[in-house]
Amino acid sequence: MTKLIIHLVSDSSVQTAKSAAHSSLAQFTSLKPKLYHWPMIRNSELLKEVLSNIESKHGIVLYTIADQELRKTLTKFCYELKIPCISVIGKIIKEMSVFSGIEIEKEQNYNYKFDKTYFDTLNAIDYAIRHDDGQLLNELQFADIVLIGPSRTSKTPTSVFLAYNGLKTANIPYVYNCPFPDFIEKDIDQLVVGLVINPNRLIEIRETRLNLLQINENRNYTDFNIVQKECLEVKKICELRNWPVIDVSTKSIEETAALIMRIYYNKKNKYNK
């Protein structure tokens, strides 16, 4: 079979480019593709890393990037290397603009429906729901990503966000003085990421939750020393196993998920070399 390298470059989650790539590859049964994912490329420093990899691993480039300067840099670089650089929805947007007489404002995301990517996303969402909050730990081998962290560190919404981007994500809470699942003693292929937060901020979030639930007695849940120990213990667990840790104190769900996706795809790209 003929090998084909495809670089998927996006300022978002690469799902649009990935969907287009899979739909196109379905027309070629004799091709053996190797896809490199480059999500959340939103500045020149991140793009430099991508360009370096494109230079060392020549292949077709599919991109969805809204920033004009980044697009110019990418297309010029590929032109000089004499490799195809294709805007996945650029032609469509241009024709819509010409036909309607309305100027282009920005590139919008879109999805091909009912292709492999669509069903991968549905499966990932189902997986995230069934493996929320430490459920079905015997099925962690089917995950792409495992999140660990104290309660209320945005593990569940981050898992769902990642699932909407096609990544099967399980999450496991860490509770002070409770035994942690023995999976941490094993070598696993999945990306494990620890989520921590400023203890004072976490106490605020937990107190708000207790008030909403009208629960008055749960001292350990909002005790500063215990909350601090929970975060420190998660850091310790991750550092001992070289698992990345993300402080979510000032990050939105999207920002946290973007960091995790970047780590995940960097790891995947590394093993695809």
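Including glycine, each Cβ sits where the backbone N, Cα and C put it.
Copied over from Swiss-Prot:
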- GLY149, PRO150, SER151, ARG152, THR153, SER154, LYS155, THR156: ADP binding site (BINDING)
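Each residue in ASN171, PRO173, LEU195, ILE197 lies on the same chain as GLY149, PRO150, SER151, ARG152, THR153, SER154, LYS155, THR156 and has a C-beta within 8 Å of the C-beta centroid of that ADP site, without being one of the site residues. Cβ neighbours of PRO150 (ADP binding site) (same chain, under 8 Å, six or more residues apart in sequence): PRO173, TYR174, VAL175, VAL196, ILE197, LEU202, VAL227, GLU230, CYS231, VAL234. Around ARG152 (ADP binding site), taking its Cβ as the centre, 19 other Cβ atoms fall within 10 Å, counting all chains. Take the binding-site residues THR153, SER154, THR156: by the count of other Cβ atoms within 10 Å of each Cβ, the lowest one is THR156.
The number of other CB atoms found within 10 A of the CB of GLY149 (ADP binding site), across every protein chain shown, is 27. Around LYS155 (ADP binding site), the C-beta neighbours below 8 angstroms that are at least 6 residues distant in the chain are ASP133, LEU147, ILE148, GLY149, ASN171, ILE172, PRO173, LEU195.
Its Cβ placed at the centre, SER151 (ADP binding site) has 16 other Cβ atoms within 10 Å.
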